[in-house]
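One structure below.
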Amino acid sequence: MKKILAFVLIATLAFSMAACATSSGTMEIYFLNFKPEIAEVYDKIAADYEKETGVKVRVVTAASGTYETTLKSEIAKKDAPTIFQINGPVGFQEWKDYCADLKNTKLYSYLSDKSLAITEGDGVYGIPYVVEGYGIIYNNAIMEKYFALSDKAVNISSAEEIRNFETLKAVVEDMTAKKDVLGIEGVFASTSLNQGEQWRWQTHLANLPFYYEFKENKNYCNTVLAGLAANEIEFKYANNFKNIFDLYIENSCTPKNLLGSKSVNDSMAEFALGKVAMVQNGNWAWSQIAGTEGNVVKAEDIKFLPIYIGMPGEENQGLCIGTENYFAINSKVSKEKQEASIAFLEWLFSSEKGKSYVKNELGFIAPFNTFEENEKPTDPLAKEVLAWMEKDGVTSVAWTFAAFPSEEFKNYFGDALLEYTQDSKTWDDVVNVVKDSWKSEKAK
Amino acid sequence: MQKSLAKHFPLFVAPTLIAFLISFLIPFVMGVYLSFTEFTTVVDAKWVGIDNYVKAFTANTDFINALWFTVKFAVVSVVSINFFAFITAVILTRGIRGTNFFRTVFFMPNLIGGIVLGYIWQIIINGYLYKYQVTLTYDAKYGFWGLVILMNWQLIGYMMVIYIAGIQNIPNDLIDAAKVDGAGPLQIIRHIIIPSVMPAITICLFLTLTNSFRLFDQNLALTNGAPARKTAMLALDIYNTFYGRNNWEGVGQAKAVIFFVLVATIAYLQLKLTRSKEVEG
C-alpha cells in the first residue's frame, strides 16, 4: 500500500517538474490588451509572429471596463504582463513603478510627434499607438432630407455649413419640430446616463469647456499640462457645457427621465437603425454601427461634426483628437523579456505584415512615421478624422481630459449630470460638484 | 482503531487545512496587513499606519452613507423575508393540494445567480416605471425598494424550506393536544410552533442578516449605486473604493476590515440572542 502511494506521489512530482521544464524553454511575452473589440485580431497577429520569430506572444484581453482591475491582479503574479497600457499622465502616476524607460527604443524614434509620448524628466515611459477623434457623428442621408425641406427654418443647405453652436441649435430644434416628416424619433441618440455609460459626457463632452479654460493659462504650452497643474478650477465655461448638454437631452429620442437606464450600445443602435440623425461618439464607433443588425446607415453617409459649445471663434474648431492608449513595458520582468516585448511592438508597427494588420484589421490611425500616406485606415469615420485633421485653418481640440484628476472625479460629475437631467439637482449644484470634486480629488 | 486514527490524523486533516489556509486564512491575514499600507498591487506595499482608516470616514461621506443604507436595507429585508417565509411555510405544511409543486417553485429563485437576478429585476422594474416616465435611477427610494423586493423574492423560498423542516419536526400529538385543549390556529402558532422552531429562526435570521449586509451582485446589477451612490451598499462601496481611484486600494481594504468586524459582531450578537430563546430539546 505504502509503496503504491509513494510511487504515485513520485510520479506526480516528476510529471509536474517536467511540465515546468517545457514551459520555460521558449521565450514568451505577455500582452495585456485593452480593446476587447479587436481581441481576435491580436490572436491572429500573435500566431503569425510566433511563426516568424519563434517568440510566443500571450494575449490576454480584459473585459470592457475592467482593465485596471485585471492589470492589478495580473501584474502581481509571477508571470506578469510584459506589455500593458496606461491611459495618460494620470495613469502613469499610478503605474510609474512598473514603466520601463523607452527613450532608446526604435519604437519611440518611429513616433511622428514626439510630444505625444508620456515623459518624465529624461525618460519616456508611455508611447501612444493610436490616435482617435470624436465629435458629433451625423447621418447625412437624414440631414439632406432635412435641408431639402421647403419650410426649413435655417438658410443653410448642408450639414457642412454648420460652423457654430447657434446654427447647430437652430438646425437641431427645427429638425425636432419636423421629426415626423423626417421619419426620425429624435435628433440625438439617447444621452446614456446609466452607471458606467457616462463617459461620453463627463469625459468627452467635458473636455471642451476645460480645453478652453486651460488654454487661457499661458504659462503652459499645452492644455493637459495646464490642467495637471491646476489644483482648483473655475469651470468658467460651465454654461457652454450646459448649452450643448441641454440641446442633447431636449432633442433626444428618449424622454429626459428615462435616460438613466440608457447605455452607449443603445445610443449607437438607435443611430445605426436610422431612428436618430446624430450621436456624439468617436471613430472607434464605426465597427459598432456597421455591426448592428438591421443597420441602415451607409458608409458614405456617415460624417463628423465638431462639438460646438458657443465659444467665440469656434468656426475654426475641429474634432477632439488625441489618445488615451499608451504602451508601457513592465520594468519588473527580466531584461530579455522587456527587449522581446519591444521587438514585438516594433515589428507590429514597422514590418509590412504588421502594418497591414494595423491598417486593415486593427483600423488604427497609428501616429508612427513608418506608415506611408497610402497605409492609412479605410473605415469612414477614421477617414473623416484624418480629413478634419488636415483641413486648413481648423484647429483640433486636444484631449484635455487626460488631466482630469481621477476616475472618481468623472463619476461625481456623471452622477451630478444624471441628477440634473432628472431635475433633482440644479445646474448650479452640478457646477459646484464639479469644482469641489476637482479640488478634493487633486488634494489627495 | 483509536490509535490508527491518531496516526493518520494529519492525512485526513491536511487537505482541508491546506485549502483553508490558502483560500481563507492567508488572504485574510494579508488583507488585514494591507489595510495598514498603501499599495497598487498586493506584492509591494508601503506601511502607512491607520491613515487608511481615518480616510475611510473623513475623506468623504460615501462610507457612512453606504452604512446607513445597508442598515436600513437589512432591517427591512430581514423582517419581511422571515415574515413571508414563515407564513408560506405554515401554509405549505397544511397538506393542501400541490404542496410539493409550490415548495419547488418558491425555492427556485434561489438557484439563479445574483447578477442575472439583478438585471432581470432591473428590466421588470424599469418596464413598470416607464409608464410613469421615470426609471430606477430617478430616486434612491426606487432602488431601495427594488433591492428589497429582489432580495425577498430570492430568499423567501430558501428560508421557507428551513422553516418547513422545523415545522415538520413538531410532533403531531403536541398540536393535537393543544387543539383538544381548545387552542385556536393563532394560539397554536404563537405558543407551539414558534417556540418549537426557534432553532430554524436562529438560522434564518443569521442567513438573512449576513446576506443582507454582504449583498453585492444584486446591488451591482440592479442600480450600481445610482443615483449618485445613494443606493450603494457597503460591499459595493468597498469595491468602488478599491478599484475606482488611484492609490486608494488601502482605504478600500481598511473599509473591508471594518466591514468584517461589523458583520461578525452583529451576527455573533444575533446568534447569542436567539440561541438563548431556543427550547432545550
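Backbone N, Cα and C define each Cβ position, glycine as well.
According to TrEMBL, the protein carries these features:
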- B:12-36: transmembrane segment (TRANSMEM)
- B:66-92: transmembrane segment (TRANSMEM)
- B:67-270: domain 'ABC transmembrane type-1' (DOMAIN)
- B:104-124: transmembrane segment (TRANSMEM)
- B:144-167: transmembrane segment (TRANSMEM)
- B:188-209: transmembrane segment (TRANSMEM)
- B:252-271: transmembrane segment (TRANSMEM)
Top Cβ-contact partner of the transmembrane segment (B:144-167) among B:12-36, B:66-92, B:104-124, B:252-271 (pairs under 8 Å):
B:66-92
Beyond the flanks of the transmembrane segment (B:66-92) by at least 6 residues, Cβ under 8 Å:
99, 102-103, 106, 140, 144, 147-148, 151-152, 155-160, 162-164, 166-167, 189, 193, 201, 204-205, 208-209, 212-213, 215, 229-234, 236-237
Could you pull out which residues elsewhere in the chain have a CB under 8 Å from any CB of the transmembrane segment (B:188-209), counting only those six or more residues past its ends?
74, 77-78, 81-82, 85, 90, 155, 158-159, 162-163, 165-167, 169-170, 174-175, 178-179, 266-267, 270-271, 274-275, 277-279
Could you tell me what the rest of the chain brings near the transmembrane segment (B:12-36), counting residues at least six beyond its ends with Cβ under 8 Å?
42, 45, 47-50, 52-53, 249-250, 253-254, 256-257
In the same chain, who gets a Cβ under 8 Å from the transmembrane segment (B:252-271) while lying at least 6 residues past its ends?
31-32, 34-36, 52-53, 55-56, 63, 202, 205-206, 209-210, 213-214, 234-235, 237-239, 241-243
